[in-house]
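Asks: Features from Swiss-Prot:
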BINDING   196, 197, 198, 199, 316, 531  CoA binding site
BINDING   392, 393, 394, 416, 417, 418, 419, 420, 421, 508, 523, 534  ATP binding site
BINDING   545, 547, 550  Mg(2+) binding site
MOD_RES   620  N6-acetyllysine
């Protein structure tokens, strides 16, 4: 990667407020530096101390880090624990009646669930899974609405040592099918439908379609939660109603004690080369990362009401809905709906209603709400808030300032968190009682995280110059491998050409400023970031080319003030170039096609048609040229090797 010049200049800085510091878990830069130096002096001992402090072990570990077979690192691997026990049972002696979850439905129904009630529901469902013959090590795909039942399903899997793979409810039947096949799932947990923004979306019908696509004989059971009550097709020998499965089950289910390295879940994330990657996380190391970040980054206190708006189909929903908040005994809000239904103040109404103290959402949501003006949030009482968080993509400085001044009323710290599906928990983020914030920067690594920006050789990049973002030492919450694909894991995350394969390569470019703060600059591969979600170009291109009208396709991202990026598709049809009316009709057909193949989130915003794609005479796609075309920029690249220059004019036409 050539050196990247940083053009962002941001000089505003916001030290932690004295009132916040007085009550913070980590107070001041001296405390932060002391923790960081402790980790440098005794790296393994630092993490062992935290693991003993925050995790309840059935069998204590004696080994800390096994680095004898890099990059396949192991942590605490002679210890035993159960994740569900750590999230539920250990709270029952002191706070069984404390509210664990405040659920707010799409239509405004509120359900409160205590730790005792949640424990009972998880045990009943886990017993139901066992009654179906599901055992430790089996894989289950979860395709659920954003309701308490999704958390119950995940926790029940963890309770009996079953590896769950959650699929976002907006993904298509084909996406569900691919994940079922790759995981070798023995069961699918779903619902009749989900409701979002006043609309219903089929889930069970999508699962049925997925199971009819190929050899899915590994799936012997489909468990269906009755949500909307709509009529759905039924296969009596395979399908089971959730309520029938759990009705006669005991409220107690002995946890299965598993090795610290036992896989807790796989979560599929987009790659730049087509097939989604099954990111595999361990039990103990993953949980430790979630707990530590709840304590440090979110500065958790027992009276907090925590609300992370993410769906459990994404890693943020795993770490900061299903596992992190419950492991520390927090009360949290779970929301089924969208920010603007049935009115544009829905987020602020929920914060006011439930006295939310910690609010964690995506820049996409923030940008969409900015457009509605500052008057709207001012109608609501947001005085309960004490901390704001941002996740999913870098937040631009002006959105940060709006979030801080309008929502946080210039008193709530904003924690801009950098992390990934693969890291499992926060890596770089401002500890709010210690680190001064800069709008647009994720600031400094957490203690124990050895992050750096390096050039192609693995040497430190110059200050202010872009380079590869890496983590130089293994850390407990990192992915262990890619499901059934260890070589892809090694080549993707520990490539031999950077520092001999010893560094974790994040796939992001970044630079550091004069204070050592990290600034994320974007992806170094061809993964798109649409509304905070990573989507592979190859997957979308493959879907387009699968349509009988399409001969070739390439997609790139185009900056969008609300969604971060939108997808622009450059398409070569099998026939001649269409006229304007035909082009509009074909473009809409292809948009719908991609939505059905992958999911609505992958729907191209723009489709442009040309006689062929811009390639060099050696046949290499000129993707950077496409990015310039998508953005309406003046072409500055050398086009002397372009095979057919006339297509530049053709691809300038937006449909």
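If you go along the chain as it appears here, the first residue is 1 and each next one adds 1.
Backbone N, Cα and C define each Cβ position, glycine as well.
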Asks: Whole-number answer please: how many Å between the C-alpha atoms of residue 316 (CoA binding site) and residue 394 (ATP binding site)?
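Replies: Given the Cα positions, residue 316 (CoA binding site) is 15 Å from residue 394 (ATP binding site).
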Asks: Going by Cα-Cα distance, which of the binding-site residues (197, 198, 199, 547, 550) sits nearest to residue 421 (ATP binding site)?
Replies: 197
Asks: Specify all same-chain residues, apart from the site residues 545, 547, 550, whose Cβ lies within 8 angstroms of the center of the Cβ atoms of the Mg(2+) site, ordered by sequence.
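Replies: Neighbours found: 543, 544, 546, 548, 549, 551, 553, 571, 590, 593.
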Asks: So among 196, 198, 531, 550, all listed as binding-site residues, which is physically nearest to residue 417 (ATP binding site)? Use the C-alpha atoms.
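Replies: That would be 531, the closest of 196, 198, 531, 550 to residue 417 (ATP binding site).
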Asks: May I ask for the distance between residue 197 (CoA binding site) and residue 392 (ATP binding site), taken between their Cα atoms and rounded to an integer number of Å?
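Replies: It is 21 Å, counting Cα to Cα.
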Asks: 196, 199, 523, 547: which of these binding-site residues has the sparsest Cβ neighbourhood within 10 Å?
Replies: 199
Asks: Of all the binding-site residues given, namely 392, 419, 523, 545, 550, which is spatially nearest to residue 531 (CoA binding site) at the Cα level?
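Replies: The smallest Cα gap between residue 531 (CoA binding site) and any of the binding-site residues is with 392.
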Asks: Residues with Cβ closer than 8 Å to the Cβ of residue 198 (CoA binding site), same chain and 6+ apart in sequence?
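Replies: Residue 198 (CoA binding site) has long-range Cβ partners 106, 107, 341, 342.
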Asks: Fill in the CA-CA distance, residue 394 (ATP binding site) to residue 545 (Mg(2+) binding site), as an integer in Å.
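Replies: Residue 545 (Mg(2+) binding site) has its Cα 31 Å from the Cα of residue 394 (ATP binding site).
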Asks: Within 10 Å of the Cβ of residue 392 (ATP binding site), how many other Cβ atoms can be counted across all chains shown?
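Replies: There are 22 such Cβ atoms around residue 392 (ATP binding site).
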Asks: Do me a favour and check the Cα-Cα span between residue 523 (ATP binding site) and residue 545 (Mg(2+) binding site); whole Å is fine.
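Replies: Cα-Cα distance, residue 523 (ATP binding site) to residue 545 (Mg(2+) binding site): 24 Å.
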Asks: Around residue 545 (Mg(2+) binding site), which residues of its chain at least 6 apart sit with Cβ under 8 Å of its Cβ?
Replies: 551, 552, 553
Asks: Could you round the CA separation between residue 547 (Mg(2+) binding site) and residue 196 (CoA binding site) to a whole angstrom and send it over?
Replies: 29
Asks: Can you grab the distance from residue 392 (ATP binding site) over to residue 196 (CoA binding site)? Cα atoms, rounded to a whole Å.
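Replies: Here the two Cα atoms lie 20 Å apart.
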Asks: Of the binding-site residues 196, 199, 550, which one has its Cα closest to the Cα of residue 419 (ATP binding site)?
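Replies: Given the candidates 196, 199, 550, the nearest one is 196.
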Asks: Far apart in sequence but close in space: which same-chain residues, 6 or more away, have a Cβ under 8 Å from residue 550 (Mg(2+) binding site)?
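Replies: Set apart from residue 550 (Mg(2+) binding site) by at least 6 residues yet with Cβ under 8 Å, we have 544, 571, 572, 573, 574, 590.
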